[in-house]
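Contents: one structure, followed by commentary.
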Amino acid sequence: MIWVNAILQGVLLGGLYALFAAGLSLMFGVMRFVNIAHGDFIVVGAYAILTAIVTMGLPPVLGVAAVLVLMAVAGFAGQYVVLNRVLGKDILPPILVTFGMSIILQNALLEIYSADSRKLPTGTFETSSIDLAGGLAVGVLPLCMFLTALAVIGGLQFVFYRTALGRMLRATSDDPEIVPLMGGNNNRIFAIATAMASLVVGIAGIWLAMKTQFDPAAGPARLLFAFEAVIIGGLGNLWGTLAGGIILGVAQTLGAQIGGGFQILAGHLVFLLILIVRPKGLFPRMKG
Amino acid sequence: MSLLSATSVTAHYGDFQALFGINFAMAAGETVAIIGSNGAGKSTFLRALTGLRPTTGQNIQFDGALIAGLPADAIHKRGLAMVPEGRRLFPSLTVEENLQIGAAGGRAGHWTLDAVYDLFPDLRDKRRNGGTELSGGQQQMVAIGRALMSNPKLLLCDEISLGLSPKVIKDIYAAVPRIQAAGTSLIVVEQDVGQALAVADRIYCFMEGRVSLTGTPATVTRAEISQAYFGLNTEGTAA
């Protein structure tokens, strides 16, 4: 029963990893570049909600709304002003720019918030749980986190496949050169994609803040988890990304059952194993 | 009234000069064919008109306004659409979604999904298929329909017969009169001279980045075209 419990907790943890990964997957899907600062943006989101609620004392709903709006606006502006200038045929410049952003963000956070690890206190939300049959129990917080991931990925899926905006995003992903011939503006479409990704990053950051201790240097590890979830699930497939997050989460909680030191290692080993057996991931959708 | 006028259009690919001062003019309602061999600069000229290839100088007027130097999406919104060479359908979109993308610029008019399906009835049954699952001819129909969905004043067709069988080419060109009837002017770029002469009011022949011949299908002779097309001697640098 300990193992069943570990798998259950792993699935719920996978929801957090899918939230980490969804924004990365979206930006890669539309613009074909990997945002090296993705993990740091998540941590910025975590500090933002901490500041809004603990420091400024905003009510939770208002704090969450403020953080999400702020993240989306920052994403739109950052893409328009900075990243659009370096996107092109060469994949290296945007990677270098986001690598630089990562270093700047980590040091800025260190300067503002110190190196102490922090957590957003949520009172009884993080301690209450629901009892299931057979002595199993799920925490309310991990359950809500998982449901959020389902909602986010379902929402993105809806936008991508059922709306005019999503159609334009997919067309841009296919062939950005031709899109202006249809009246689409690449720079604007890219900025909208990054705004959407940043909104998801904000959601991920808020859950990170509630779920675990974080510090200014926590970003790169979140990027790694996100990256692994995306690759395991297969590039360009959002539900695959959720599956990738769950596989990573389950591997980690099972690893933790074997021994404390195995938690992170087990996740990486499963990632490597899948990379060897299925280099394109389990559910690839992207062509070429 | 002049719909499009271009004067002294030049274009470069790095050190290579592709266009050497093209002068071009057409009136609303006209269908103009641009013929010429591979590398004559026909596609480059179309890309310059659409804004995909930025031009220097203020030398392209469309529908009474200067469009040279505008970004491609802004030119498109003024009513200039192109069927790109090689069709370039969006592979992850269905036929219908490909058509809908064409309407993203928001210009209203005669061309709607239904009007395009009436023009190319084959597409109606395939509308849920992926754009690239179709035959070459059907893909070309989607590409033309996608451009029409923006209700352009001027439609540029770049080598729409390329790689298609004579039967399919005939089917596709059969749609041209209905496109003209809807009030759209056309520029048709072709290597297939016979096809071009059949639909065009006037022709321009390009050779090595220059206009080597202009005229109407009725007045130019086959011999003149051969000379302007292949450059058998150097006299043909008129216009």
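Yeah, the Cβs are placed from backbone N, Cα and C, and that goes for glycine too.
Note: TrEMBL annotation is automatic and uncurated.
For A:6-29, A:41-58, A:64-83, A:95-115, A:135-160, A:189-210, A:230-251, A:258-277, the entry in TrEMBL reads transmembrane segment.
Of the ranges A:6-29, A:41-58, A:64-83, A:189-210, A:230-251, the one with the most Cβ pairs under 8 Å to the transmembrane segment (A:135-160) is A:6-29. Note: the stretches the transmembrane segment (A:6-29) and the transmembrane segment (A:230-251) are in contact (3+ CB pairs below 8 A, sequence gap of 6 or more).
Taking residue pairs at least 6 apart in sequence, the transmembrane segment (A:189-210) and the transmembrane segment (A:230-251) share fewer than three C-beta contacts under 8 angstroms. Tertiary proximity for the transmembrane segment (A:64-83) is limited to same-chain residues at least six positions away from its ends with a CB under 8 Å from its CB atoms, namely 41, 44-45, 48-49, 52, 58, 94, 97-98, 187-188, 190-199, 201-203, 205-206. Same-chain residues lying 6+ beyond the ends of the transmembrane segment (A:258-277) with a Cβ under 8 Å from its Cβ atoms: 225, 228, 231-232, 247-249, 251-252.
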